[in-house]
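Visitor: Could you have a look at this structure, given as structure tokens, before my questions?
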Amino acid sequence: MPDPDMPQRPTLDLDDLAARLKQWGRELGFQAIGITDTDLSTHERYLERWLEAGHHGEMDYMARHGTKRTRPEELVPGTLRVISARMDYLPPEVETTRTLGQPEKAYISRYALGRDYHKLIRKRLDRLARQLQAEIGPVGYRAFVDSAPVMERALAQKAGLGWFGKNAMLLDPKAGSLFFLGEIYTDLPLPVDPPFEREHCGSCSSCQTACPTDAIVDDKVIDSRRCISYLTIELHGSIPVEFRRAMGNRVYGCDDCQLFCPFTRFTRASHEPDFAPRHDLDRAALVDLFAWSESEFLKRTEGSPIRRIGYERWLRNLAIGLGNAPWSEEVEHALRARLAYPSDLVREHVRWALAEQRNKHAARIATA
Ligand code: B12
Ligand code: SF4
Ligand code: SF4
């Protein structure tokens, strides 16, 4: 029974409000908005299985929050609905597979070429929620982007934004998967959208074939410990030797399971200035990035997601890229210049890379 002393919300046409909310979302730069409830019980089981198998590697935060990740109302008490939002990020005219095929260049994941997406999307979600409040008065809400124990893809699938591809990405049949997700948890009982039921992968398995390190261990299941994204961004220590050659020139993240997906041809370019490449990161040569001093690294990655890994891991990743580059005096010279760098981690990767370079040089001489 409603408490007669409590101020009541005026009777709302929630269907109309949800339609307007989606319109505001589009005006704020989101390409899709959907609404779902908080029942993630099926995904809770998938997550448990994934954690039991150790597929999270060193990402302890994936196991740390108990059921808060899969039960939104435990993370934010009172949550009834989740508004899921999609923002595309591929800047126009940025090369993808071509750069991957140029082994003297660095391949940086296309989501990380510009400014960090977290702040931008959080701000937009806050604006969306404030617009809702301006319309109907106080509403309980919290906005998230990849920053809290939230099952972003599962919520998006339930909210109708796409299906889980065999590469575990959330895909939209008309836009591929090169987009970010964010959400608003709210206590407003908005009408929910139907989940995205149809799976469009069919008999395709291009992502599994394309994955350089066989990290897609089952349909929709990634073993992070094999995934280049994890190895270059999340892993703190030494990158296991077994994966180093397969990493090629991928020095920050990896996009292969998306680039070779047939739906990626439907990607729509993003004109968000924040996502535009900085410092030519979409086309830079490995040797040039390896030559950055620590202060240059800090300055040039200010506000970029790359900064997160720090200078030491940046050099670690680039050393592997250089080891995989075709032999050249310039590459050997660049590596030798770092042989005395004051970090065991960096020195070990540089030694590995030099050995790779020397093997290639020897093979060249032998066949000359
Ligand atoms: C941990 C994490 C990683 C880890 C682990 C990846 C992983 N697959 O979990 C690592 C570091 C490897 C990683 C890599 C990348 N990530 Co990441 N990552 C996350 C994070 C923080 C959590 C993901 C998670 O919950 N994993 C747990 C596992 C169990 O979930 P899952 O892989 O999504 O698996 C689901 C499906 O397998 C499904 N499922 C399993 N079996 C079945 C069976 C059926 C029938 C069905 C229907 C479903 C189903 O249920 C599982 C649970 O929902 C999210 C942000 C967030 N808070 O959600 C971003 C996020 C998933 N990552 C993102 C991105 C962009 C990437 C990269 C592309 C970055 C890059 N270029 O390097 C790669 C892609 C790798 C890949 N193919 O997944 C985006 C994905 C956007 C999208 N379109 O899907 C997210 C949502 C961040 C964001 N806010 O935009 N990531
Ligand atoms: S991001 Fe790269 S390494 Fe990870 S699953 Fe996809 S293709 Fe494999
Ligand atoms: S490459 Fe094929 S199997 Fe993999 S996600 Fe895309 S459509 Fe699905």
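Just so it is clear, glycine is given a Cβ too, placed from its N, Cα and C backbone atoms.
According to TrEMBL, the feature active site, proton donor maps to Asp146. Feature annotation from TrEMBL assigns cob(II)alamin binding site to Arg69, Asp146, Asn167, Leu170, Leu181, Ser229, Cys254, Asp255. Look at TrEMBL and you will find Cys201, Cys204, Cys207, Cys261 tagged as [4Fe-4S] cluster 1 binding site. The [4Fe-4S] cluster 2 binding site annotation in TrEMBL covers Cys211, Cys227, Cys254, Cys257. According to TrEMBL, the feature domain '4Fe-4S ferredoxin-type' maps to 192-221.
Help me understand the surroundings of these features in the structure.
Guide: In the three-state DSSP scheme, Asp146 (active site, proton donor) is classed as coil. Around Asp146 (active site, proton donor), the same-chain residues six or more apart in sequence whose CB sits under 8 Å from its CB are His118, Glu152, Phe180, Leu181, Gly182, listed in sequence order.
The secondary structure of Leu170 (cob(II)alamin binding site), as reduced to three states from DSSP, is extended strand. Taking a C-beta cut-off of under 8 Å and a sequence gap of six or more, Leu170 (cob(II)alamin binding site) has these contacts in its own chain: Arg153, Ala156, Gln157, Leu161, Gly162, Trp163, Phe164, Ser177, Leu181.
Around Cys207 ([4Fe-4S] cluster 1 binding site), the C-beta neighbours below 8 angstroms that are at least 6 residues distant in the chain are Gly165, Lys166, Asn167, Ile216, Asp256, Cys257, Gln258, Phe260, Cys261.
Around the Cβ of Cys227 ([4Fe-4S] cluster 2 binding site), 27 further Cβ atoms fall within 10 Å across all displayed protein chains. The secondary structure of Cys227 ([4Fe-4S] cluster 2 binding site), as reduced to three states from DSSP, is coil rather than helix or strand.
Secondary structure counts, DSSP: the domain '4Fe-4S ferredoxin-type' (192-221) has 5 helix, 4 strand, 21 coil.
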Visitor: Take the domain '4Fe-4S ferredoxin-type' (192-221) and average the pLDDT across it for me.
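Guide: Looking only at the domain '4Fe-4S ferredoxin-type' (192-221), pLDDT averages out to 98.
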Visitor: Among Asn167, Cys204, Cys211, Cys227, Cys261, the binding-site residues in the record, which have a C-beta under 6 A from ligand 3?
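Guide: The ones that qualify, in sequence order, are Asn167, Cys204, Cys261.
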Visitor: Restricting the comparison to the binding-site residues Arg69, Cys201, Cys204, Cys254, Asp255, which residue's C-alpha is spatially nearest the C-alpha of Cys227 ([4Fe-4S] cluster 2 binding site)?
Guide: Cys254
Visitor: In Å, how large is the greatest distance between any two Cα atoms among Arg69, Asp146, Asn167, Leu170, Leu181, Ser229, Cys254, Asp255, the listed binders of cob(II)alamin?
Guide: 26
